[in-house]
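J.: Positions annotated as domain 'REM-1' by TrEMBL: 1-67. TrEMBL lists 280-385 with the feature domain 'PH'.
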Amino acid sequence: MSDNIQEGEVLRQIEREVRMREGASKLLAACSRREQALEASKSLLTCSARILALLSQLQRMRKAQILQRVGHRPSEEAVPSLGKVSLSDLRVPLMWKDSEYFKNKGELQRCAVFCLLQCGTEIHDTDVVMVDRTLTDICFEDTIIFHEAGPGFQLRVELYSSSAVEDFSPGALGPRRSSRLGGSVGRSSGKKIRAAFESAAVCGGNVGAGSVSPPLSPDLSTLGPKFNLLAHATLTLEHVQEGFKTHDLSLAATEDDPFWLPLYGSMCCRLVAQPLCMIQPIISGQLKVKLGEDLNCWENGVSVLRGQSLLCYQSQEDMESEDKPLLEIPITQDTVVCVSERDPDLCQTVNIITWHQGEEVTFRLTPPSPEDTQRWTEAIWQHIYNLSQWKQCCHHLMKIEMQSSKKAIPARQGSLYHEIVTPSAPGEGHVIPDLSVEIRALLSSYYKER
């Protein structure tokens, strides 16, 4: 992908997040219930974080373009493969005073809490959890997966809190938003919902191509509950390990803050990684394999490099059916690959020196042509480099628990404004909707499909 295409894609992502941020601010101004306002405030904060991350990426891209124009050559060092990084089962233990937890005495302290997780330009948030002194741990059930992480990743976990004890005043702009949010749009149609949301997002001005909208107006940016940074931690490749593990938290607030919660100063989670070099086949093709000590004992076959093994099959059908291979050559970060040239007129032989069952063993492979020899050699070298960079993540393929799907939002009749912003009056037979899921789904679907 060319630099201009990449830059254009980043600009489009920024514009999309700006529209979502403006839409979240309109929803925040119109919310009539605290739960609605908390979800809108969280969406506003998440969108702003994504905008900052994308702007930083755009700045790095333009800096690289300037260096290239002045004759600076890009680095020719090997680049390791990307991979998936998953964080799940996040727990933050609390340390209440005995009088608060056991005797239920003292001032009531209740906060809304969520986590913001960032790895590169990928940013995700968790559900909002209500916390008071009846809980000993803050538990987030979300499974967060980052799909484009490198071995040098830094996963920043930020814990945000908002006091839920303070008085909440419904948005003063709520009644005036009815016409703008589409009084005749039914929630049974997903496309109409998104169209109405986009209309609310851009009301008051359109965002032109390649431009970034001005910041939120003061009246919108100061409405509603505010989330404040309570604690944070940064996780790297060294923290990756199957199973539950404890990590230190750095506190960013004090007991005097209204959003304070008594943290132990640690968090527990499962952090696993799946490098692409352990999932995808790296290279495959025809190879002549030496099966024994006899120099004339060679077998033509099809081989594939995958994970920690070079698997040699007798035919393409055997490889596709994943039958037992003729030969399995272990490939690790300590494997050595070299090319021998015994006869210039003959094809070169690829020698793979590795450890097998505690002994150093040399395997010999002959590709069909010199071009194939170079292709196989470079692929194996790159694969060994990837394994060395991802370290313990390549000892075996770690399992990522996939996130359970969210429950579908039931369709109801009525206007978008009255169903999202205004609670139903008592005695009408309607249940007041829980907007935490609905606002999140609205923002998420809008973000993915634009």
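Yeah, the Cβs are placed from backbone N, Cα and C, and that goes for glycine too.
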J.: Can you tell me how the residues of the domain 'REM-1' (1-67) break down into helix, strand and coil by DSSP?
T.: 62 helix, 0 strand, 5 coil
J.: I'd like to know the mean pLDDT over the domain 'PH' (280-385).
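T.: Looking only at the domain 'PH' (280-385), pLDDT averages out to 85.
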J.: Looking only at the domain 'PH' (280-385), what are its DSSP counts of helix, strand and coil residues?
T.: 21 helix, 47 strand, 38 coil
